Amino acid sequence: MNSINIAIDGPASSGKSTVAKIIAKNLNYTYLDTGAMYRCATYLALQHGYEAQDVSKILGLLAERPISFGKAEDGSQTVFLGTEEVTLAIRQNDVTNNVSWVSAIPEIREELVNQQRRIAKDGAIIMDGRDIGTVVLPDAELKIFLVASVDERAERRFKENQEKGIESDFETLKSEIAARDYKDSHREVSPLKAAEDAIEFDTTGVSIEGVVTFIQEKAEKIIDMKN
């Protein structure tokens, strides 16, 4: 069966990762968490007290401790930097609040985008992020751009943090998400925007199952046409 690449983009907490993981499982595709890769770079920078001007040092750390993905017993994805598992460490608030400046560094983006493209060259990949359809996989057969209100996204992040035991305040999350939106859409390198040929879908008030069904039906139609 011919496979395709699927790009799912959108702002913070628009449901990209949750949906991408489910669809990957349903289609037996590989889910590549690009956001986790930028979080890994951010985690390394924070661990060593590096700032934007220390780009060569951050790249050096990424070379010393390559990013890889594994699977936990329950099937969920695990993330490693070298031999250290950082699945939960990269989801802490200090990483979340610093990932924008790290991911805006052109050399960091270039290195991680090259890694992502290498992984996707054989197809059957689902990637989510902010510039997958525009920069990383411009030739992806299906491009989706998810949006949702700031309130809805803050609510999702709040529940997610509660489940992971991460302390957070709802109003603070709202302001952090709004600030992240602004940074992501105004940065010089790969700003957050929908690809011209992307299908935009507002997930406000839509269940996860509803979003999955919408995207999967589109994917299956394209796969059928290729076979």
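The backbone N, Cα and C atoms fix where each Cβ goes, and this holds for glycine too.
The ATP binding site annotation in Swiss-Prot covers G10, P11, A12, S13, S14, G15, K16, S17, T18, and the record cites sequence analysis as its basis.
Fewest Cβ neighbours within 10 Å among the binding-site residues S14, T18: this applies to T18. In sequence order, K16, D128, R130, F145, L146, V147, A148 make up the list of same-chain residues 6 or more apart from G10 (ATP binding site) whose Cβ falls under 8 Å from its Cβ.
Listed in sequence order, R153, R157, I177, R180, D181, D184 are the same-chain residues at least 6 apart in sequence whose CB falls under 8 Å from the CB of A12 (ATP binding site). According to DSSP, T18 (ATP binding site) sits within a helical segment.
The secondary structure of A12 (ATP binding site), as reduced to three states from DSSP, is coil rather than helix or strand. Same-chain neighbours of the ATP site beyond G10, P11, A12, S13, S14, G15, K16, S17, T18, judged by a C-beta within 8 angstroms of the site's C-beta center, are, in sequence order, D128, L146, A148, R153, R156.
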